[in-house]
Amino acid sequence: MTIHLDSSLHCFDPSHFGMAGDFRVPPEGNQRDTLLIACSDQGTAPDNISVSNSDRFFILQHLAASVPRPEDEAVDNSFQSIAAVIANYDIRHVIVCGHLGCNVLRNWLKDTYSHDIGMLRARFRSAALKTVNESYPEHSGRVYYDHLVCEHALYQLENLQSHPVIQEKLVANDLKLHLWIVNDATARVLNYDPVSGNIVSTEDSEGT
């Protein structure tokens with residue numbers, strides 16, 4: 001399965017990304033070396049769908065796996081949890097994990113939604129929703145929603161890498177980024193390919 005996206009919409013350095021195969025190799029000393037940022041709507045154990053032993057993961061769950069930009073921290077301090085894990089553990093990989101059945105995004109699409117804590121819905125509508133409506137006008141239904149999930153996850157990854165503590169580790173090659181999209185119907189993991197800009201199956205991304 002491949003979800004084709006417009007690679008010109010986001011700015012990533014492919015060298016900052018890890019490979020799907022990274023998680024088939026046990027971490028040194030069996031330590032927790034991976035931070036998985038997942039959606040609260042994925043349940044209690046999003047790491048169970050991974051391609052690796054769950055013992056290597058720290059898991060943080062936020063609504064729609066949202067990550068604030070540095071300038072958003074006055075209204076959303078959730079990055080503090082991410083920074084604490086990065087500062088206190090030898091984290092080598094950070095994964096932003098979205099899922100195609102996300103009910104959080106469905107609720108954010110409703111005009112009746114209220115109590116927008118941290119302005120999460122407002123940021124979603126000004127970024128991912130606006131992008132999909134303008135850049136993929138030919139899509140509707142299931143395909144439209146799949147693109148919405150993927151674009152939202154990519155914006156969260158952009159937000160993550162905009163923080164100085166993350167940038168420093170990326171430049172030093174001490175950290176690798178990953179973006180996973182879970183197909184809830186099959187529990188299969190799709191990966192972001194930074195070269196093509198598409199979301200592809202794990203098997204197709206093994207060599208990237």
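Cβ atoms here come from the backbone N, Cα and C positions, even for glycine.
According to TrEMBL, the protein carries these features:
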type	residues	note
BINDING	CYS39, ASP41, HIS99, CYS102	Zn(2+) binding site
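Recorded features from TrEMBL, shown on the structure.
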residue: CYS39; record: Zn(2+) binding site; Cβ neighbours (10 Å): 27
residue: ASP41; record: Zn(2+) binding site; Cβ neighbours (10 Å): 19
residue: HIS99; record: Zn(2+) binding site; Cβ neighbours (10 Å): 27
residue: CYS102; record: Zn(2+) binding site; Cβ neighbours (10 Å): 25
Cβ-based neighbourhood (8 Å from the centroid) of the Zn(2+) site, residues CYS39, ASP41, HIS99, CYS102 excluded:
ALA38, SER40, GLN42, ALA64, ALA65, GLY98, GLY101, ASN103, VAL104, LEU105, VAL149, VAL182, ASP184
Which state, by DSSP, holds ASP41 (Zn(2+) binding site): helix, strand or coil?
helix
